[in-house]
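Student: What follows is a single structure, and I will ask about it in a moment.
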Amino acid sequence: MIYASACKQELEIKFGKLSDYGTMSREIFKEWCPFLLCSIHVLRSTAVEEDMEAGESDSGNQRRIISKDSSWFSQFRNASNPWMARYAYALIFLVANLVAWAARDYGRGALTEMKRLKGCNGGKDCLDAEGVLRVSLGCFIFYIIMFLSTARTSKLNDVRDTWHSGWWTVKIALWVVATVIPFLLPSEFIQIYGEVAHFGAGVFLLIQLISIISFITWLNDCCESDRFAARCRIHVMLFATTAYVVCLLGIILMYIWYAPKPSCLLNIFFITWTLVLLQLMTSVSLHPKVDAGILTPGLMGLYVVFLCWCAIRSEPAGGNCIRKSDSATKTDWLSIISFVVGILAIVTATFSTGIDSNCFQFRKDDTPAAEDDVPYGYGFFHFVFATGAMYFAMLLIGWNSHHSMRKWTIDVGWTSTWVKIVNEWLAVCVYLWMLIAPIIRHCRHIALQIGKENAIAKSRKFSGLKDSSSLHTGQK
């Protein structure tokens, strides 16, 4: 507190009375960066002092003070920080992924214990793909319960907000129970869930796709805004050029690595069609009527090339079109690193998509958010994790419950390949539609206006003819 007071006095000497802290902070950012840390201390201490002097003791203000000045453990214990709660849910999701992987690759060691479970049919129905599906079902049950109990939460002081950000002992116990229950269910029910999980995983991919495209378009709009246009012009050109260079380099390398022979027709088709889609996105984006710039097609090109590369990498071993090492049938350190990176990518994609609920609002609300509004949609966050539970199950079993997977592998098989290829094509279609849709709506609006004007003109002309005919009749 003494340090904050000293900082405040020093800042008042340079900037005058701290009456408008928001305006002053912008000047600090521009000219007085060394005092940035000091100003942060002033803001935090001033806010706490004002609340204490005013005697505000309601739960909302207490919660904001705890969120600012307490340790992370206190924030969890007091359910005061929904932003930090995200990491706890992501950690639970990561543990579920690891449990599903252990059930697939190392479940044989627990065969003796699983024989006691009635739903496991002597243990064999709780291993391999079915073990993954059972763990996935438990994770799905947990997050769907959280979705139903937190949906449409709007205020921080709501009971459902406290449930979302706290009660971790109860929720961990709930997750454990939800994970154990599927191991008591018969195999037929798990097979039905495996079929439903294909649809849920597709929903997750669609949500992730829309989130990525929305982020790319938001980044482009931000760079082209009046506030940053002059400052970001060089950066946009640099990023766009780098993106196109990386796209072309990736396509050339895929031709070298995955299409070494003319007989590799399928891989040649995948790579060539990706190049055509990249050209199509660039042409549409640079069309005078669209004029979306060169940054968005470059970033979308990176995403599309990455999906094509992942699709070809998911092709099963045994063909001559993918160069595999002699140790491809063994588990080496590269396979382990790839698996770990894949698991972390699943968790990161689910985590980042879950907090991006704004891009799925069909009715945009320009009303500024209040201080006690929730920072993100809790229901949407848990729904994304629920569909993500189905998605990681499909990756671990190769989108086929009857497909055997090698240890330390993820998302391998022809089904996985075609899922990624279709996802790539769908990404391009969604992106092109987002470019063309405003033009179509504008044309429809103009057409409706012209139709209304023509209808009004015809009605006036008809009324004029009617008046003239009646006048002529009266003269006779």
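Every residue, even glycine, has its Cβ placed from backbone N, Cα and C.
Below are the features listed in TrEMBL for this protein:
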{"type": "TRANSMEM", "residues": "87-106", "note": "transmembrane segment"}
{"type": "TRANSMEM", "residues": "127-146", "note": "transmembrane segment"}
{"type": "TRANSMEM", "residues": "166-185", "note": "transmembrane segment"}
{"type": "TRANSMEM", "residues": "197-216", "note": "transmembrane segment"}
{"type": "TRANSMEM", "residues": "236-258", "note": "transmembrane segment"}
{"type": "TRANSMEM", "residues": "265-286", "note": "transmembrane segment"}
{"type": "TRANSMEM", "residues": "292-312", "note": "transmembrane segment"}
{"type": "TRANSMEM", "residues": "333-355", "note": "transmembrane segment"}
{"type": "TRANSMEM", "residues": "375-400", "note": "transmembrane segment"}
{"type": "TRANSMEM", "residues": "421-440", "note": "transmembrane segment"}
Student: Residue list, the transmembrane segment (265-286) vs rest of chain: Cβ under 8 Å, 6 or more residues beyond ends.
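Tutor: Distant Cβ neighbours of the transmembrane segment (265-286) are 247, 251, 254-255, 258-259, 292-294, 296-298, 300-301, 304-305, 308, 311-312, 315, 321-322, 421, 424-425, 428, 431-432, 435-436.
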Student: Residue list, the transmembrane segment (87-106) vs rest of chain: Cβ under 8 Å, 6 or more residues beyond ends.
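Tutor: Same-chain residues near the transmembrane segment (87-106) but 6 or more away: 76, 126-129, 131-132, 134-136, 138-139, 142-143, 146, 168, 172, 175, 179, 339, 343-344, 346-347, 350-351, 381-382, 385, 388-389, 392-393, 396-397, 405, 407-408.
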Student: Which sequence-distant residues neighbour the transmembrane segment (421-440)? Criterion: at least 6 residues beyond either end, Cβ under 8 Å.
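Tutor: Counting only partners 6 or more residues beyond its ends, the transmembrane segment (421-440) has Cβ contacts under 8 Å with 205-206, 209-210, 212-213, 217, 270, 274, 277, 280-281, 284-285, 289-290, 292, 296, 300, 303-304, 307-308, 311.
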